[in-house]
């Protein structure tokens with residue numbers, strides 16, 4: 001009988017312990033739920049751009065104050081300190097795209113001539129300088145705030161100093177009736193100069209004088225033939241001979257003076 005009593009007592013005690021554990025567990029869950037609801041209730045009185053000054057209690061609501069200058073709070077939070085505004089560092093090639101407020105952080109963007117290489121939360125965190133094309137290359141793709149500049153080599157017969165968006169063809173000196181001084185390459189244009197006209201002038205003058213002399217001789221010969229019966233034929237022939245000698249002497253001296261004048265000008269230019 002004693003054994004049976006002890007067995008029943010043990011079973012009863014075990015049941016009581018199980019019931020007590022379940023009651024404790026339910027009470028703990030209830031406290032967690034109430035605490036969570038209480039915390040949510042307290043946070044409902046916190047707005048963006050503010051921080052907690054004093055926490056919420058059973059008898060008082062949460063006390064908040066606005067974020068100070070240079071800080072922000074972009075969502076309701078139980079934090080007692082606002083977050084510092086991001087600074088757009090010029091040394092990283094950044095500048096402000098949107099100024100920081102009490103509710104929104106600063107948004108940075110690349111400086112002119114830079115492109116972004118690290119983006120976080122819609123703001124550029126770091127930027128690199130655009131590539132500079134070298135002489136002999138042209139800008140095939142202009143750099144943007146999020147893309148670097150692309151360069152390509154100039155093809156044969158064209159050139160670029162590295163700042164052009166397309167390579168320019170070399171200057172055609174021969175087609176322009178100019179003298180080629182230095183051929184062009186991938187970095188520089190061809191150099192031309194005016195053709196030397198000084199040697200052409202004496203040649204033209206000599207040709208004109210020669211034609212004139214030939215014409216005079218022909219006229220004299222025709223005139224003499226028509227006057228074959230004239231007693232002054234010998235006199236006219238002598239006269240024409242003297243005239244031609246003097247004319248050729250004049251022509252020779254004239255050409256020498258022109259050439260000497262050209263040489264003097266060339267020496268003066270040097």
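For all residues, glycine too, the Cβ spot is worked out from N, Cα and C.
TrEMBL does not curate its annotations; it predicts them automatically.
Residues or ranges marked as disulfide bond in TrEMBL: 67-82. Counting every protein chain shown, the number of other Cβ atoms lying within 10 Å of the Cβ of residue 82 (disulfide bond) is 20.
Each residue in the domain 'TNFR-Cys' (66-108) has a pLDDT score, and their mean in this model is 92. The domain 'TNFR-Cys' annotation in TrEMBL covers 66-108.
Across the repeat 'TNFR-Cys' (66-108), DSSP classifies residues as 3 helix, 12 strand, 28 coil. As annotated by TrEMBL, repeat 'TNFR-Cys' applies to 66-108.
If you look up TrEMBL, you'll see 12-34 (among others) marked as transmembrane segment.
Feature annotation from TrEMBL assigns transmembrane segment to 200-224 (among others).
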When you measure from the Cβ of residue 67 (disulfide bond), how many other Cβ atoms are you left with inside 10 Å? 23
